[in-house]
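These come from Swiss-Prot:
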- Asp91, Asp93, Asp95: Mg(2+) binding site (BINDING)
- Cys92, Cys110, Cys117: Zn(2+) binding site (BINDING)
Amino acid sequence: MSFFPAQPSDKKAIEEGAAFMPRFDASGLITAVVTDARDGELLMVAHMNEEALRLTLETGIAHYWSRSRGKLWKKGETSGNLQSVVELRTDCDQDALWLKVRVAGDGPTCHTGRRSCFYRQVVAENGDISLAIEGACDHEH
């Protein structure tokens, strides 16, 4: 039995209605974009299964589904950098989420010790494609 209501066949109800009916993909996951609630910086992109989303809503602490480890993941549980959810939004067809969070502890979100997982810029110049690394890694991982 699902914690969330089934999506109706009426597209308008999904796109304009007030009922939260997240649409999980064939693997049972929904994409979650995570930004810092203070300044809007993009911190990470992750995935949630139904249990992770339910726990996030119940506790106010972000939980995700680790595809690589195949298990539930309470972000920051080991490092102390827990993500407190300030606001949660869904997109027009309810198949993606946007979490605005406050990060506890000393602040890094990425397992590399950086604040954001998006620290590399893809640079295309003169037919060459490379990565430009922004910001040093301040923490051991």
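Any Cβ shown, glycine's included, is placed from N, Cα and C.
Secondary structure at Asp91 (Mg(2+) binding site), taken from DSSP and collapsed to helix, strand or coil, is coil. A gap of 24 Å separates the Cα atoms of Cys110 (Zn(2+) binding site) and Asp91 (Mg(2+) binding site). Considering other CB atoms within 10 Å as the measure, the emptiest surroundings among the binding-site residues Cys92, Cys110, Cys117 are those of Cys92. All protein chains shown were included, and the count of other CB atoms within 10 Å of the CB of Asp93 (Mg(2+) binding site) stands at 12. Under a cutoff of 8 A between CB atoms, and with a sequence separation of 6+ in the same chain, the neighbours of Asp91 (Mg(2+) binding site) are Leu97, Trp98. Counting every protein chain shown, the Cβ of Asp95 (Mg(2+) binding site) has 15 other Cβ atoms within 10 Å.
Between the CA atoms of Asp95 (Mg(2+) binding site) and Cys117 (Zn(2+) binding site) there is a gap of 22 Å.
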